[in-house]
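Below: the structure, in structure tokens.
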Amino acid sequence: MKLHTLLSCLHDFPQLPEANPDIAAIEMDSRKIQEGSLFVCIAGFTVDGHDYAAQAAANGAAAIVAERPLEVDVPVIIVKDSSRALAVLADFFYGQPTQQLHLIGITGTNGKTTTSHLIDDILREHGVTTGLIGTIGIKVAETVLEAKNTTPDALALQQAFYLMREKQVTHAVMEVSSHALHLGRVHGCDYDVAVFTNLTQDHLDYHGTMEAYKQAKGLLFSQLGNSYHHSRPKYAVLNSDDAATKDYIAGTQATVFTYGIDNESHVMARDIEMTSGGTMFTLITPQGHVRVQMKLVGKFNVYNVLAAIAACLVSGIPLETILRAIGKLQGVPGRFELVDAGQDFTVIVDYSHTPDSLENALGTIRQFAKGHVYCVVGCGGDRDRSKRPLMAAIAARSADTAIFTSDNPRSEDPHIILDEMTAGVSSGSYEVISDRKAAIERAVALAEKDDIILIAGKGHETYQIIGAQVYDFDDRLVAKEAILRSSTAGE
Ligand SMILES: CC(=O)N[C@H]1[C@@H](OP(=O)(O)OP(=O)(O)OC[C@H]2O[C@@H](n3ccc(=O)[nH]c3=O)[C@H](O)[C@@H]2O)O[C@H](CO)[C@@H](O)[C@@H]1O[C@H](C)C(=O)N[C@@H](C)C(=O)N[C@H](CCC(=O)O)C(=O)O
Ligand SMILES: Nc1ncnc2c1ncn2[C@@H]1O[C@H](COP(=O)(O)OP(=O)(O)OP(=O)(O)O)[C@@H](O)[C@H]1O
Ligand SMILES: N[C@H](CCC[C@H](N)C(=O)O)C(=O)O
Ligand SMILES: [Mg+2]
């Protein structure tokens, strides 16, 4: 594509250079530049992409988009906000793929991954080819790609959508993190349905206050197109039991469709019955009432299923198809995943890494626990410090024995993270074992028949980040090995 044609998508009249080279690719990383690329300089949290402009030019960049003039011998196009420009350019360069996809975006503190997988299951039951973007990775039809972020940067995102179109994907579901909304990673996305799960404490390191965090999430709904005159109707699917919903309703032009348990909603669950093997409830929808049975446990999962049902109903999926898919749901990797190595106690690996999710996970376990409840939990480094004492207090209060350990300490000292956790505990029984493998082994050694061990925080993760090193680590495998070793030791 010619540079001038590409730049025509930036509607704020950037000064066009005289030269009009062919642009072969867009890059935001100077190390990936190939001959004929357009390099977009992003001022990041760690380094400033503008400092790599010369390297990009030396590597063959045909032109550079920047927020300030640069001393390089290739054309430089100055824009006010290069992150936003990157999103718009990438969308245009890849042929505006989201305009040809039915795109569902999900935001909220907890439940995004779970709800996105449930929607994907329902869509596949409907027989369409799907794409899925989120914490566990990027799925394009049957191909799974690795992803660094829950919501990739604008470039990776539009590349994924382009690939989806190449592979005949018609429906895509994605998690939209508050970081992505605030940083403009999703500016080029044309959502059809925007879903809100819930808002509780997380990421205060980044957003500063709950109000700012709430506003960042609200961008998903305020940026949704007007459904009134639109050929493709736009829907905001909102949780009517969450206090933030009233603000999101006020801020969106889209048609509002609600789900909930306590407050009157379009889609509701009534008469919920839970067992350790699953959940039953009466589903109320504008298309009728029906008793539903599913394998997922916990009230929070009823919310996730309701959100998925609501999103699929407004996407035109017949209720019978939705119900058929729910009957088959198997759950999501690392979300309340059982580890079974033939032991006579229960081991659950769960991705609860916020106060609310930990409270929910332990509360759900408490409903079925016959024996002692252990909770192995840590808190991530370089993340919201204020959730550490809260999570430790919840674990100490709700489990019979909490074992505090490391999550991903990243650049922080694990012992300081653990001190900040234990500072929140005023009652309850706990141990501190900073080595995560040793902590899991300790819980396994202590557990007796009918006890339950919750290993919280890392779910599906197959690594542990300590300092700058990424080590292989999978809670599910570590637990399984510990169980097998302890059972042979006992023989
Ligand atoms: C705080 C944050 O969001 N950081 C993101 C950011 O990194 P950064 O600002 O540090 O980037 P940087 O290293 O300063 O680089 C700036 C620019 O210089 C360029 N560069 C850099 C070096 C070089 O040699 N040449 C060069 O051109 C880079 O390509 C980049 O364009 O841009 C990167 C590329 O897009 C992201 O991967 C990275 O996410 C990091 C890994 C991260 O941990 N983010 C978390 C906080 C996050 O976003 N989390 C949410 C999920 C939250 C949730 O749902 O719970 C998410 O969506 O993942
Ligand atoms: N609707 C919900 N409400 C509260 N807690 C939930 C809900 N759904 C899931 N959880 C809990 O939160 C954990 C994380 O769930 P999930 O991965 O679906 O959330 P997420 O929003 O994608 O998280 P992340 O922000 O890390 O991507 C689960 O393991 C479970 O303990
Ligand atoms: N999306 C979350 C995941 C946290 C997972 C936990 N294991 C950690 O590393 O803190 C984040 O980036 O804050
Ligand atoms: Mg997620």
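Here the Cβ of each residue, glycine as well, is placed from N, Cα and C on the backbone.
Noted in TrEMBL for the protein shown:
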{"type": "DOMAIN", "residues": "23-94", "note": "domain 'Mur ligase N-terminal catalytic'"}
{"type": "DOMAIN", "residues": "106-312", "note": "domain 'Mur ligase central'"}
{"type": "BINDING", "residues": "Gly108, Thr109, Asn110, Gly111, Lys112, Thr113, Thr114", "note": "ATP binding site"}
{"type": "DOMAIN", "residues": "334-459", "note": "domain 'Mur ligase C-terminal'"}
{"type": "MOTIF", "residues": "407-410", "note": "motif 'Meso-diaminopimelate recognition motif'"}
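Remark: Lys112 (ATP binding site) has Ile106, Gly134, Thr135, Thr150, Glu175, Val176, Ser177, Thr197 as non-local neighbours, by Cβ distance under 8 Å and separation of at least 6 in sequence.
Its Cβ taken as reference, Asn110 (ATP binding site) is surrounded by 23 other Cβ atoms within 10 Å in the chains shown. Residues 353, 377-383, 417, 436, 457-458, 461, 463-467 of the same chain, all 6+ positions outside the motif 'Meso-diaminopimelate recognition motif' (407-410), place their C-beta atoms under 8 angstroms from a C-beta of that stretch. The predicted model assigns the motif 'Meso-diaminopimelate recognition motif' (407-410) a mean pLDDT of 98. Highest Cβ count within 10 Å among the binding-site residues Thr109, Thr113, Thr114: Thr114. Around Gly108 (ATP binding site), the C-beta neighbours below 8 angstroms that are at least 6 residues distant in the chain are Val195, Phe196, Thr197, Asn198, Leu199, Lys217, Asn239. DSSP gives Thr113 (ATP binding site) a helix state. Highlighted in sequence order, Ile106, Thr115, Glu175, Thr197, Asn198, Asn304 have their Cβ within 8 Å of the centre of the Cβ atoms of Gly108, Thr109, Asn110, Gly111, Lys112, Thr113, Thr114, the residues recorded for ATP, and are not part of that set. According to DSSP, Gly108 (ATP binding site) is assigned to coil rather than to any helix or strand.
Checking the binding-site residues Gly108, Gly111, Thr113, Thr114 against ligand 4, the ones with a C-beta less than 6 Å from an atom of that molecule are Thr113.
Taking the Cβ of Gly111 (ATP binding site) as centre and 10 Å as the limit, one finds 26 other Cβ atoms among all the protein chains shown.
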